[in-house]
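The block underneath contains the structure these notes are about, expressed in structure tokens.
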Amino acid sequence: VIRAKAVSAKEVDSGNDIYGNPIKRIQYEIKQIKMFKGPDQDIEFIYTAPSTAVCGRLLDTGGKKEYLIAGKSEGNGKMHITLCDLVSTWDSLTPTQKKSLNQRYQMGCECKISRCLSIPCFVSSSDECLWTDWAMEKNNVDGRQAKHYACIK
């Protein structure tokens with residue numbers, strides 16, 4: 001989980017598929033601003049599929065937009081992202097989300113977040129936080145709780 005800017009992009013080969021056809025990836029060179037969770041070294045490159053049709057994430061290059069990116073790290077300065085990973089512009093985050101990332105992130109490591117898909121929902125232990133955005137806000141995964149709450153033990 002990092003805060004970063006994409007400074008350039010280029011298409012690279014990433015091996016071959018089972019039929020021998022080349023697999024193309026977009027390689028973003030990034031400037032890491034802060035690592036919230038990940039390996040001991042900075043992330044230098046982020047890789048993704050070349051289009052959203054094959055689950056690629058497109059980032060604005062030029063180093064102006066800052067992103068919060070949660071992807072899969074290889075631990076060698078490389079990260080991979082897909083449409084299923086969290087990628088948000090830093091400016092689109094709420095003040096609570098930014099404060100939680102900068103100050104509360106490690107405080108929630110022992111919490112269990114349980115999704116409530118329909119009402120009623122109940123917690124089963126004291127270290128559990130009930131996430132009700134989906135049930136209360138018509139299948140919204142980016143609702144009030146996601147934007148303004150933190151799960152802290």
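Just so you know, glycine gets a Cβ as well, placed from its N, Cα and C.
Across the domain 'NTR' (1-109), the model assigns an average pLDDT of 90. TrEMBL lists 1-109 with the feature domain 'NTR'.
Its Cβ taken as reference, Cys121 (disulfide bond) is surrounded by 14 other Cβ atoms within 10 Å in the chains shown. If you look up TrEMBL, you'll see Cys116-Cys121 (among others) marked as disulfide bond.
According to TrEMBL, the disulfide bond annotation covers Cys129-Cys151 (among others).
Within the same chain, residues at least 6 positions away in sequence whose Cβ sits under 8 Å from that of Cys129 (disulfide bond) are Cys111, Lys112, Ile113, Ser114, Val123, Tyr149, Cys151.
Summarised by DSSP class, the composition of the domain 'NTR' (1-109) is 20 helix, 47 strand, 42 coil.
Counted over every protein chain shown, other Cβ atoms within 10 Å are most numerous around Cys151 among the disulfide-bonded residues Cys116, Cys151.
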